[in-house]
Amino acid sequence: MATLLRSKLSNVATSVSNKSQAKMSGMFARMGFQAATDEEAVGFAHCDDLDMEHRQGLQMDILKGEGGEEGGEPPLEGDIHYQRDGTGPLPPSASKDAGVCSELSGQGKPKITAWEAGWNVTNAIQGMFVLGLPYAILHGGYLGLFLIIFAAVVCCYTGKILIACLYEENEDGEIVRVRDSYVDIANACCAPRFPTLGGRIVNVAQIIELVMTCILYVVVSGNLMYNSFPNLPVSQKSWSIIATAVLLPCAFLKNLKAVSKFSLLCTLAHFVINILVIAYCLSRARDWAWDKVKFYIDVKKFPISIGIIVFSYTSQIFLPSLEGNMQNPKEFHCMMNWTHIAACILKGLFALVAYLTWADETKEVITDNLPSTIRAVVNIFLVAKALLSYPLPFFAAVEVLERSLFQDGNRAFFPNCYGGDGRLKSWGLTLRCALVVFTLLMAIYVPHFALLMGLTGSLTGAGLCFLLPSLFHLKLLWRKLLWHHVFFDVAIFVIGGICSVSGFIHSLEGLIEAFRTNAED
C-alpha cells in the first residue's frame, strides 16, 4: 500500500513537471532541422510527454497487479530497450492523450505563432552552412552576390506556391486544405496512373539531403578541429573518426526530446559566432580588397557555387507541416517575405565582407581564415554545434527510411524492423549503426565541404526548391493560374534545371577527382 501511494504521488509530480517541460521542449523541437523535415516531427515533444505518462500508467497497472493478481511480474529496473512512442496497448487513462499524439491534426496539437514559424525557417536557412558562402563569392564575384538575392526571391516564391498546392476549392467555392505534406502533393500530381510515385521521389530526395547533411556535419567537424590544432599529430581523417565515435550513440535514439533542448542554444551560439566573424572583418575594413570582386566567373567552379547558395536556402520540405501548425495560416506569406529578406541581407553581407577580408585566400570554411588566437575558440563552438545538430537530420532520415522500407504495410520492401512489442530488432539497430559509419566513410574519402555542399544543393536542393514546386503548381492549379504565374513557373523550372544539371556535373567531377586523390594517398 505504501509503495502504491508513493508511486501515485511520484506520478502526479512527474506529470506536472513533464507538461511544463513539454511546452518548452515543444518550442525547441519546432526550431530544430528535423521538425522541419517530417510532418510528424512538430509533435515530438508532446508525444514524448504522453509516452512518459503512458509508461507510468503501465507501471501503475503492474503495481496493481502485484497487489491483486498472482503471478504479476515487477517492472524491470533500467530497461534500456528501444521502444517506439505510443506502441503497444494503452491503459484506459492514456487512451485520450494517445489519440492526440497519434492524430497530428486536431485540437490537441500545439500551434505556433508566425514569429515562431519565422524562427523555424530562419534556423533552417541561416544555419552553419552559410560558412561556405564566401567561398562561392570567390568563384562568382558580383554574380555570386546576385545569386544569393535571386535564390532568396525564388525560394520564397516556390515556398508560397508549394503551400498553394495544399488547397483546393470545394463545391461551395471555399478554399480548403486537402493535403498535408510535400509527399501528398507529389502523389496528387502523379495520380491516378502512379499514385505513389511522386511521394517516393520526394522521399528519396529527402533522404539524400538528410544523409548528405549528416556527412557535411562530420566533414566540417574534422576540418575545423584539424585547422584549430594543426600542431597536434592528428589528421583530419582521425578527427572525423573521433567525431563519429561521439555520434555513434545516435543509433540508439528513440526520440529527440533531450537533443531538441540544445537546439535554441546552438542556434544562438551560431549567431554570436557569425557576429564575431563579421566584427573581425569590419576591423580590417581598411584592407578590404574591392578590386578582387569582379564580374567574371570561374566556369569550372562557379556551378559548384550555385549549389552551395541553393543548399543554404533549402526549407521547402518542411513548409507544409509548418504552415499547417500555424495559429493563423494567413500570416504564412508575410512570414516567408521577412524571413527570406532578412536571410538575403545577412547572407549577402556575411559573404561579401568575409571575401573582401581574405580575397583569394578565402577557404571552403571561412573560420579557417581567422587568426590562430581566436580560430580555435570559434571552431570548437562550431564543432559543438555540428555534433549537437547531427542527431536531428540523422533521426529524420531514419524515420523516413523505416517508414518507407520497413513499416509501409503490405507495400514495405523488407520485414518490419520492430517486434510485436514495439522494440527495435537487433538487425534494425545494426542498420542504424551502419548509417552512422556510412557518413564517416564518405567524410573520410571525400573531405571537401564545398564540393559536398554544392553536389547536394544541385541535386536535391534545386529539385526540392526550384523544379518540383513549380512543376506541381503548374500540374495542380494550371487552370486557375494567371499568365505571369505560368511564366514564372516555367522560367524557374528551366533555369533551375540548367543550374541543377550544370552544378551536379561539375560537383560530381570534383568529387570523383578528390576520391581518386584520396584513394591514391
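A Cβ is built for glycine as well, from the same backbone N, Cα and C atoms used for every other residue.
Just so you know, TrEMBL annotations never went through curation; they're auto-generated.
Marked as domain 'Amino acid transporter transmembrane' by TrEMBL: 111-507.
Annotation comment: TrEMBL describes 143-167 (among others) as transmembrane segment. Long-range Cβ contacts of the transmembrane segment (143-167) within its own chain (Cβ-Cβ under 8 Å, at least 6 residues beyond either end) map to 125, 133, 136-137, 175-180, 182, 184-185, 188, 295, 297, 302, 305-306, 309-310, 312-316, 319-320, 323-324, 332-333, 336-337, 340-341, 343-344, 347-348, 351-352, 465-466, 469-470, 472-473, 476-477, 485, 488-489, 492, 496.
Residues or ranges marked as transmembrane segment by TrEMBL: 207-226 (among others).
Counting only same-chain residues 6+ beyond the ends of the transmembrane segment (262-282), those with a CB under 8 A from a CB of the stretch are 27-29, 31-32, 123, 126-128, 130, 346, 349-350, 353-354, 356-357, 366-367, 370, 374, 378, 381-382, 384-385, 388-389, 392. Here TrEMBL flags 262-282 (among others) as transmembrane segment.
Sequence annotations record features per position, and here TrEMBL assigns transmembrane segment to 302-322 (among others).
Packing against the transmembrane segment (334-356) from elsewhere in the chain are residues 114, 117-118, 121-122, 125-126, 130, 133-134, 136-138, 144-145, 148-149, 152-153, 155-156, 159-160, 274, 277-278, 281-282, 288-290, 292-293, 312-313, 362, 366, 369: each is 6 or more residues past its ends and has a CB under 8 Å from a CB in it. Taken from TrEMBL, the feature transmembrane segment covers 334-356 (among others).
What TrEMBL lists as transmembrane segment is 376-401 (among others).
What TrEMBL lists as transmembrane segment is 429-446 (among others). Outside the transmembrane segment (429-446) by six or more residues, the chain places 82, 211, 214-215, 218-219, 222, 237, 240-241, 244, 247-248, 250-252, 394, 397-398, 401, 417, 452, 511, 514-515, 518-519 with a CB less than 8 A from a CB of the stretch.
Within the chain, the transmembrane segment (452-474) has long-range Cβ neighbours (under 8 A, six or more residues past its boundaries) at 129, 132, 154-155, 158-159, 161-162, 164-165, 182, 185-186, 189, 202, 205-206, 208-209, 212-213, 215-216, 219, 303-317, 442, 446, 481, 485-486, 488-490, 492-493, 495-497, 499-504, 506-508, 510-511. According to TrEMBL, the transmembrane segment annotation covers 452-474 (among others).
Taken from TrEMBL, the feature transmembrane segment covers 486-505 (among others).
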